[in-house]
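A.B. asks: After the structure tokens below, expect a handful of questions from me.
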Amino acid sequence: MATAVLHNQRSLLHGALLRPCSSQESPCEGTQSSLQDLLAAEAELFDESMPRDVDEVVNYVRAMKHGLARLPELPVSVRLIREIHEQLLQGVRGGRLQPGELRRSQNWIGPAGCTLATASFVPPPAAEVPQALGDLERFLHDDGALPPLVKIALAHVQFETIHPFLDGNGRVGRLLITFLLTECGVLHKPVLYLSHFFRAHRQAYYEHLQAVRERGAWEDWLAFFLRGVIEVAGEATDTARRIQLLREQHRAAITAGLGRAAGNGHRVLESLYDRPIVTVADVRALTGTTYAAANNLVARLAELGVVAEMTGYARNRRFRYEPYVRLFTDEVPEGGVA
């Protein structure tokens, strides 16, 4: 049932979930940026209260899009992994640590302030990283009998154990899950993001990774990973239903309320699932109308409760798809849409 709902709504849901799930991703490594921060940064609305690390989340969205665009021509490989790492670290914290380059020194994993001697785990020496990644790439493309989800779960542990970069290994490793789910055909569109599950069970996640390294506890890790897939699929199914209900409500309101402008209203509505913040100039470019017509259309969409002006400015206004954003930031009343 969950798979059917997700596949029926996959194009809409991919655009709708990419940013909310990306804004939840980086907290696994200490980032505090929210969906609101990400949307504001993409709309070039910066102020002193915005977390400094919001650029990391913007880069995460960029890296996700880059990887998905490359998959039809470049399979998941060492080359793609390095490209993704470069996208993630450009101009942000860790950017000085060789974006896109495999590490050339020893790193280690453990609590903040630990040393090589007190680390929880020490990955392979730098000289062994290229060979280890090559072995991982061959495993990924071995046409064996392993079910795709099992192979992806095993590959994730292997990548995190190799820890091939000086920074950003966790983000790359979690992106690889999405890319592999797509490449293996488990998903036609990437609408399952396990980062939320790993963040909610952060301690268990790290304990399972360490248990595999220390005791070979693969079965426990697989059970944990597959439980995550089931939970995230259920959450995505609920989200798909809520988004579809919201979409139907607003399509009906636009059809009833905008008359001859309804066609352009629907066009704007569909674009909001990909970019929930727009300007009048954006709407003008999307609809091919005059600035005055676009401004009038935005005003009427605001009257219908579809968008709301968010800056308070008289000029350079930005309009946000508020009901959609609230799906990911508010509690949703039972039986309805927030």
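Each Cβ is built from the backbone N, Cα and C atoms, and glycine gets one as well.
According to TrEMBL, the record shows the following:
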type	residues	note
BINDING	GLU29, HIS163, ASP167, GLY168, ASN169, GLY170, ARG171, VAL172, GLY173, ARG174, TYR205, TYR206	ATP binding site
DOMAIN	76-227	domain 'Fido'
ACT_SITE	HIS163	active site
A.B. asks: Helix, strand or coil for the residue listed as 'active site'? Use DSSP.
C.D. replies: coil
A.B. asks: Between the binding-site residues ASN169, ARG171, GLY173, TYR205, which lies closest to HIS163 (active site), Cα to Cα?
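C.D. replies: Spatially nearest to HIS163 (active site) by Cα position is ASN169.
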A.B. asks: What is the number of other Cβ atoms found within 10 Å of the Cβ of ASP167 (ATP binding site)?
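C.D. replies: The Cβ of ASP167 (ATP binding site) has 21 Cβ neighbours within 10 Å.
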A.B. asks: Compute the average pLDDT of the predicted model within the domain 'Fido' (76-227).
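C.D. replies: A mean pLDDT of 92 is what the predicted model shows over the domain 'Fido' (76-227).
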A.B. asks: Have a look at the recorded positions (HIS163, ARG171) and report the one with the fewest Cβ neighbours inside 10 Å.
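C.D. replies: Each of the recorded positions HIS163, ARG171 was scored; lowest Cβ tally within 10 Å is HIS163.
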A.B. asks: For ASN169 (ATP binding site), which DSSP three-state class applies?
C.D. replies: helix
A.B. asks: What does DSSP assign TYR205 (ATP binding site), in three states?
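C.D. replies: TYR205 (ATP binding site) sits in a helix per DSSP.
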